[in-house]
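Report on one structure; see the data block that follows.
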Amino acid sequence: MPARQHAARGRLWGKFAKHRLVLNLFKDPGWLPRMGDGRTEHRASSSPAVAASSEAEEIEVLESVDVLPMAPEDHWKVLFDQFDPDNTGYISTDNFWKLLHSHGAELDPHKLEVLFALADSNSDGKICYQDFVNLMSNKRSNSFRRAILQGNRRLSSKALLQETGLSLSQRLIRHIAYETLPRETDRKWYYDSYTGCPPPWFMIAVTVLEVAFFVYYGLVLDRFVLQVTHPLYLKNSLIYHPQLRAQAWRYLSYVFMHAGIEHLGLNLALQLLVGVPLEMVHGTLRIGFIYVAGVLAGSLAVSVADMPAPVVGSSGGVYAIISAHLANIVMNWAGMKCHFKLVRVAVALLCMSVEFGRAVWLRFHPSTYPPCPHPSFVAHLSGVLVGITLGVVVLRNYEQRLQDQSLWWIFLSIYILFLLFALFWNIFAYSLLDLKLPPLP
């Protein structure tokens with residue numbers, strides 16, 4: 001190969017070394033880069049003519065890639081590979097420190113602290129690339145929790161609560177972080193990574209629908225307080241009624257109907273004040289799962305434990321979320337930095353107790369349309385059980401894959417077994433017990 005072409009190739013290789021991974025997507029699979037000496041090897045080419053053609057092709061590819069964008073993972077992979085020429089997937093802790101110090105300006109400051117903690121916490125002297133990528137891409141993984149919990153770590157900046165000059169939205173995000181997360185590194189991570197997209201739409205959408213259905217039926221029945229006492233209240237397609245249990249949607253749709261404005265008001269206040277911040281932190285999928293699991297468990301529990309009674313209201317889902325949040329606060333009491341913790345927990349428990357007491361009183365109050373009883377209170381209890389089992393596991397594992405947690409699989413298995421038991425109970429138990437159900441409204 002002529003010396004001028006060789007020199008041009010060398011300059012191009014140095015200029016575009018950071019695009020090595022992207023080049024491999026365009027080049028022949030037989031082309032293998034060697035990070036150690038900067039040379040290339042062609043396994044399939046043996047003749048000088050083919051080799052020269054390959055070299056010219058390589059220069060053309062290098063020139064064409066100059067305008068291609070590089071994904072963040074590819075960028076960090078190139079940097080990581082500079083310290084891992086043998087492609088083992090690991091680099092030494094010392095080299096990892098060099099990488100962070102030389103390129104740390106490209107990172108969010110609080111994310112950089114977590115990476116420093118990861119380097120400090122590794123006692124085996126090496127860092128896994130996958131752990132590094134998981135942290136960089138905000139994936140829920142064990143590496144995040146390991147970086148927080150293991151070893152001594154040096155956090156370089158002051159606490160998030162001491163930062164000044166924040167805008168109103170930044171102060172709101174910081175407030176939510178301190179309301180819901182017990183560890184300072186978790187709070188900083190959330191503060192840096194939260195973008196507001198997607199918004200907490202699930203809890204807001206459920207709230208809007210509940211209000212809309214309540215207003216509609218309030219106008220139809222001409223009653224807003226204790227709607228459940230109206231003779232026509234149960235004549236709709238949403239409420240769970242034991243005679244209509246074959247209509248499967250009723251096991252979930254009852255959430256949009258409430259006994260009255262006193263029932264609706266307290267549930268909405270709890271799910272907005274607690275549910276929306278939790279959804280902002282843990283995501284729609286996780287909080288929505290807890291809420292729906294509590295709702296479904298509520299109707300199924302009533303069909304097993306209080307068979308003649310109907311079910312209305314969102315208390316199953318609300319109690320699941322509130323119970324999970326309160327249990328998480330109690331279990332991480334020292335780490336939770338929200339103001340007036342004891343008073344707020346006491347107020348939340350008082351509100352839940354008042355609502356539960358109202359439900360118990362209403363259940364045993366003489367019905368206005370005998371022999372059908374008033375709605376059951378068992379959904380409240382089942383919601384609490386879902387919250388302190390599945391809910392606690394979700395809230396305790398911020399930015400961590402749930403499938404890596406043994407408790408998650410244990411509680412999920414118990415929940416699924418309960419669903420299967422309740423399903424067979426609804427199919428066979430009512431006929432076997434020869435239970436006389438109240439007539440349809």
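Cβ from N, Cα, C; glycine included.
Now, the feature entries from TrEMBL:
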type	residues	note
DOMAIN	71-106	domain 'EF-hand'
DOMAIN	107-142	domain 'EF-hand'
TRANSMEM	201-219	transmembrane segment
TRANSMEM	251-276	transmembrane segment
TRANSMEM	288-305	transmembrane segment
TRANSMEM	311-330	transmembrane segment
TRANSMEM	342-364	transmembrane segment
TRANSMEM	376-395	transmembrane segment
TRANSMEM	407-433	transmembrane segment
Exercise. Do the transmembrane segment (311-330) and the transmembrane segment (407-433) share at least 3 Cβ pairs under 8 Å, sequence separation 6 or more?
Worked result: no
For this session: Would you report the average pLDDT that the model assigns to the domain 'EF-hand' (107-142)?
Result: 61
Problem set entry | For the transmembrane segment (376-395): best-contacting stretch of 201-219, 251-276, 288-305, 342-364, 407-433, by Cβ pairs under 8 Å | 288-305
Problem set entry | Intrachain residues whose Cβ lies under 8 Å of the transmembrane segment (342-364), provided they are six or more past its termini | 228, 259, 262-263, 266-267, 269-270, 274, 306, 309, 315, 319, 322, 326, 329-330, 373-377, 380
Seminar exercise, completed: Residues outside the transmembrane segment (201-219) whose C-beta sits under 8 Å from one of its C-beta atoms, at least 6 past its ends, are 227, 233, 236, 238, 255-258, 261, 264, 267-268, 271-272, 275-276, 279, 284, 287-288, 291, 314, 317
